[in-house]
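Noted in TrEMBL for the protein shown:
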COMPBIAS  41-53  compositional bias 'Basic and acidic residues'
COMPBIAS  59-94  compositional bias 'Low complexity'
DOMAIN    179-267  domain 'Transglycosylase SLT'
REGION    39-94  region 'Disordered'
SIGNAL    1-19  signal peptide
Amino acid sequence: MKLTAPFVLLVAAVGLAEASSSHLGRDLSDHAHHARVNHRQLGEHLNRRDQSKRCKQRPTSQAPAPTTSKAAAAPTKNAAAAKPTTSAQAAPAKAASAPSGVNQLTTVAPGSCGASGATLDLTAQTGPNGAEWFFNCGIDGAGWNPPHMTVDDVVAKDLKAAVAQSNSPFANCAAYIDLFEQYGSQFGVPPIFIASIAMQESSCNPDKTGGAGEQGLMQITKDKCGAAPGGNCKEPWYNIMTGAQFFSGLISSNGGNILLAIGEYNGWSKGLTIAKATAAANTGCCPCQNNLDYLTQFLNGWVQGVDPTSGLRIGQYFNLDACK
């Protein structure tokens with residue numbers, strides 16, 4: 001069959017169009033594929049970049065480390081803090097056995113005779129301020145040489161509280177409490193110390209005259225009576241004032257040592273021995289002896305609100321019994 005030229009040209013044109021369409025399709029497909037690949041790569045890149053800018057999460061194994069370190073230190077601090085708690089827990093037992101509501105012990109430093117031997121349970125020879133052998137250190141040997149104990153080391157009751165308690169040993173002193181308070185404050189001495197001297201010396205009897213002529217409540221010696229009103233050395237206000245001033249002076253002259261001051265008020269001195277203290281026992285002035293139990297009766301008796309001469313007798317020598 002013979003084809004005309006126009007028909008041939010038409011067929012050729014159709015074939016060319018199909019070929020072009022096929023090639024274009026492949027190109028478009030390839031372009032789309034590359035676009036998808038590039039989009040995925042771009043997404044991965046952006047994702048990595050986004051992650052790199054985030055705060056890094058701390059590894060869970062490291063997070064507890066500071067807590068563990070702090071927690072480890074805490075028991076040490078708590079252990080130190082627990083010490084007062086332990087002491088406080090023991091306090092009720094101490095208070096239960098303490099005389100007249102006293103619930104502490106002296107903190108005085110050891111002396112040449114050792115530690116104080118203080119006990120909350122009051123016995124004949126021990127109590128909250130120490131043992132008698134501690135106060136009387138050396139008296140049964142080379143001579144009295146007491147440790148250094150200050151007013152602040154002494155455990156004592158408040159005078160008004162001691163007077164207010166039932167069966168108070170200071171009942172005889174009730175009329176003079178204001179004077180003890182006044183002159184104790186004036187001369188820097190706890191009022192119960194002044195009242196204790198009055199009880200120890202005269203049982204708070206303003207009319208008492210001692211074996212060697214000592215006068216009144218505080219049993220002051222006659223050489224201190226020069227300024228007494230009307231020459232009456234037993235006048236309570238004068239007697240208490242003079243005794244308090246004298247005792248305060250003894251504390252000062254002994255460098256604050258309350259043991260030396262208490263002893264010297266009763267005529268003791270450093271180097272005193274039992275033989276010297278009791279030398280007057282066989283003379284016409286038996287009461288002129290030094291009371292060897294004076295310090296322990298004062299510190300573990302009177303200032304605790306306890307009468308050391310009745311019930312439980314406080315002391316071990318009782319050398320003045322020979323004078324009865």
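Each residue, glycine too, has its Cβ placed from N, Cα and C.
Just so you know, TrEMBL annotations never went through curation; they're auto-generated.
Helix first, then strand, then coil: DSSP counts for the domain 'Transglycosylase SLT' (179-267) stand at 52 helix, 3 strand, 34 coil. Model confidence over the domain 'Transglycosylase SLT' (179-267) is summarised by a mean pLDDT of 98.
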